[in-house]
Amino acid sequence: MELDSALTIPPTPPRNLFPLTWVNLSGNLILAYQSLGVVYGDLSTSPLYVYTSTLIRNLEDHQNEEAIFGACSLIFWTLTLIPLCKYVFILLAADDNGEGGTFALYSLLCRHANFSLLPNQQASDEELSAYRYGPSTHSNVSLLKRFLEKQKRPRTGLLIVVLFGASMVIGDGVLTSAIAVMSSLPGLQYSGKKLTKGALLLLACVILISLFALQHIGTHKVAFMFAPIVMLWLISIFCVGLYNIIHWNPKVVSAIYPYYIIKFFRETGRDGWISLGGILLSITGTEAMYADLGHFTAVSIRLAFVFAIYPCLVVQYMGQAAFLSRNLHSIPNSFFESIPDPVFWPIFVVATLSAVVGSQATITATFSVIKQCQALGCFPRVKIVHTSKHIYGQIYIPEINWMLMILTLSITIGFQDTTLIGNAYGLATATLMFITTFLVALVITFVWQKSIWISGMFLLFFGIIEGAYLSAALMKVPQGGWVPLVLSFIFMMIMYIWHYGMRLKYNFDMHNKVPLQWLLGLGPSLGIVRVPGIGLIYTELATGIPAIFSHFVTNLPAFHKVLVFICVKSVPVPYVSSDERFVVGRVCPRPYRMYRCIVRYGYKDIQRDDGDFENQLIQSLAEFIHMEAGEPEFCSSEGSFDGRMMVTRLSSIQSGSTIIATEIEDCSESSSVQSSKSSVLLSLHSVYDDENPPVRKQHIRFHLPANRIMDSAIQEELMDLIVAKEAGFAYIMGHSYVKARRSSSCFKKFVIDVGYTFLRKNCRGPSIDLNIPHINLIEVGMIYYV
């Protein structure tokens, strides 16, 4: 059976405005242009501070031409191996249906191996089409997979690593804005009127406040505003770099030979190793290429990097090295002093604007990570504003935006030094890259189903390179490197406490479900009056009856004729199509009129508040009743029932096995029921008075094949469903309080009674998050002792 309705169901919005193919080249070129203003702003502005951070304080005794050529060679090969080889050619292929970031990798692993600890991410009730990988063909991989699935500690460790990586992304969002803006302002010191340090600081704060105030207009508009600036910036640094190479020292081109790296470490020793923390700043913002993948496409991001970002950065770094090799005294302000005088002010203005744009990449990535964390139950509920009708990933989170602004201003005012901020930024970048490499190695094994030796080689090669940078960055923890560690620890604790509290609450519900025999013993009336209407009981359980339902039955004098247990479930895929969103089944035999509906959303899906959810739910229930009638072995009898569930597909609305039609007519007929071998017409109408009182008649037609006669019990059930819909909906939720048991440890009491309670009271309520109308909401209080 298929369900149809005259009530228009909006088609599933496209996951991306353009498909990930070369066919739509024009669309990908437009997205590549936009990505310059969102993804690459941070990476493209790194020449402002890389040489200064590398050569000052670390290599003061080795400031010569050989050291500068060695630093240039390190920068070239770092850009080539990590952003180009690892991210562009490998990591962008590890997308989760078009989404990127640490949580996208984690969701891939959870979907293809049972690594998840999240209650709503356990095995899906019905297989989704997005679960497109089969079992592993390598025996050693299968053995490792089974071992990790059975051990809770490795899975817990994996979740902690992912949360730490997500926290580092948030820390990046704070530090990027601070260092990008602070590094662009020293150029004012070359003007005729030199500004004081306090005036520069005030100007930086004004620019930062303006940047965060612009976020509410959305990524799409920001991209079109910022992309021309970055494009102009790339042309400027390319031209200046090319001029410096030709004018000062053309021999700098030979720095691409790795020989200069060996010579660099031979001469500088330990100081050269510590200076890797400065070299690392040349690839800050690289993670945004992957984290912001949902805003664009892999093809567009590759196009922008290979044909614009990479060549312009290489030429600029070589040009700066050529200039410094002949002007060693200019190292403290290498970028601005390397600009030829005739074009200094135009490039200074573009540099300042580009530094502001550079902050956009990590701010956007932070929004994406928070959305994914919240959907997967690892972050308190916050308001998420979707700023684009065409591209799902473009979002804005007001609370996170203003929190980032406050933290960024605090860092800027507190440090007032780009070198110290750079130390913090480098550590955050190195840690995040190392975590990403580890997760990708697991994806190669368990998702791509490659040999464990291939993933081992990937982990070893990039792990050694990034491990060297990470070890150098850790040496700078006392000089500002502690900042990302503190920020990440705070955010990770928020995520883990929220996840821990939610998991304990879910486990309480699982172990205190209402026995089905008790419910069956009450009879179809449940021992109370059943009144017309549909009661939607929200629960986190995908199976069984929650304990809070017994409170409803024992404390309410009447209950609705039709009851539906709604479980809104986040599954580890970015998007769930409308065809697979609703999974419907019975809770009790047919006379009870009690159903269960699992509503599945991906971690990038939008839970719309357009009022169409109720219509889709009724259509799904009606379709389920027909589907059940068409399978005798599935069909429930009066006294027993099969608890299996079915996926109801809304895309079959136009193909016509069942039609729910709504019409407005002038009539005064009463309700009627007509039936025949081939169809059944249930006609209801409701009259309302106004100055021109029309009569609203709703015709519900369920069309069946001509060779089937509708059973009277099915006809009665459909009639009850329509009558209940006309009577209205009530939304029933538990207003729960989670408290630790008296026998719990002091630590657990602090985490639950203080930490989790504080987060629950200060986040968005579940009814607001689920777009439930307040006027129809019924809440019943319950205390969970966990």
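The backbone N, Cα and C atoms fix where each Cβ goes, and this holds for glycine too.
Per TrEMBL, domain 'K+ potassium transporter integral membrane' is recorded for 31-519.
Summarising the annotation, TrEMBL assigns transmembrane segment to 67-89 (among others).
According to TrEMBL, the transmembrane segment annotation covers 156-183 (among others).
Residues of the same chain lying 6 or more positions beyond the ends of the transmembrane segment (195-214) and with a Cβ under 8 Å from any Cβ of it are 177-178, 181-182, 185-186, 188-189, 222, 225, 352, 356, 359-360, 363, 401-402, 404-405, 408-409, 412-413, 416. Annotation comment: TrEMBL describes 195-214 (among others) as transmembrane segment.
According to TrEMBL, the feature transmembrane segment maps to 226-246 (among others).
Annotated transmembrane segment per TrEMBL: 273-291 (among others), in sequence order.
Annotation source TrEMBL lists transmembrane segment at 303-323 (among others).
Nonlocal intrachain contacts for the transmembrane segment (343-370), taken as residues 6+ away from its ends with a CB within less than 8 angstroms of a stretch CB, comprise 37-45, 48, 101-103, 166, 169-170, 172-173, 176-177, 180-181, 183-185, 187-188, 190, 207-208, 210-212, 215, 219, 222, 226, 229-230, 232-233, 236, 240, 285, 287-288, 291-292, 294-295, 335-336, 379, 382, 393, 395-397, 400-401, 404. According to TrEMBL, the feature transmembrane segment maps to 343-370 (among others).
Under the heading transmembrane segment, TrEMBL lists 391-413 (among others).
If one looks beyond the transmembrane segment (425-448) by at least 6 residues along the same chain, the residues whose Cβ comes under 8 Å of a Cβ in the stretch are 53, 82, 86, 90-91, 94, 102, 105-106, 108-109, 112-113, 133, 136, 141, 144-145, 161-162, 164-165, 168-169, 171-172, 175-176, 179, 277-278, 280-281, 283-284, 286-287, 290, 454-456, 458-459, 462-463, 466-467, 469-470, 473-474, 476-477, 481, 484-485, 488. Per TrEMBL, the feature transmembrane segment maps to 425-448 (among others).
Annotation comment: TrEMBL describes 455-475 (among others) as transmembrane segment.
Taken from TrEMBL, the feature transmembrane segment applies to 481-498 (among others). With a cut-off of 8 Å between Cβ atoms, the residues of this chain six or more beyond the transmembrane segment (481-498) that come close are 160, 163-164, 166-168, 170-172, 174-175, 373, 377-380, 407, 411, 423-428, 431, 473-475, 751, 755-756, 759.
Residues annotated as transmembrane segment in TrEMBL: 518-538 (among others).
Summarising the annotation, TrEMBL assigns domain 'K+ potassium transporter C-terminal' to 532-784.
Stretch with the most C-beta contacts under 8 angstroms to the transmembrane segment (391-413), considering only 67-89, 156-183, 226-246, 303-323, 518-538: 156-183.
Within its own chain, the transmembrane segment (518-538) is flanked in space by residues 545-546, 549-550, 552-553, 556-568, 587-589, 591-593, 617, 723-734, 766, 770, 772, which lie at least six positions past its ends and keep a Cβ under 8 Å from the stretch. Confidence for the domain 'K+ potassium transporter C-terminal' (532-784), expressed as mean pLDDT, is 71. Most Cβ pairs under 8 A with the transmembrane segment (455-475) among the ranges 67-89, 226-246, 273-291, 303-323 are made by 273-291. Within its own chain, the transmembrane segment (226-246) is flanked in space by residues 33-38, 40-41, 44-45, 47, 252-253, 308-309, 311-313, 315-320, 322-323, 338-340, 343, 346-347, 350-351, 353-354, 357, 360, which lie at least six positions past its ends and keep a Cβ under 8 Å from the stretch. Against the transmembrane segment (303-323), stretch 67-89 shows more Cβ pairs under 8 Å than any other of 67-89, 156-183, 273-291.
Sequence-distant contacts of the transmembrane segment (273-291), counting only residues of its own chain at least 6 positions beyond either end whose CB sits under 8 Å from a CB of the stretch, comprise 39-44, 46, 49-55, 58-59, 71, 74-75, 78-79, 82-83, 87-88, 91-92, 100-102, 169, 172, 176, 265, 301, 305, 313, 317, 358, 361-362, 364-365, 368-369, 422-423, 425-427, 429-430, 432-433, 436, 468-469, 471-473, 475-476.
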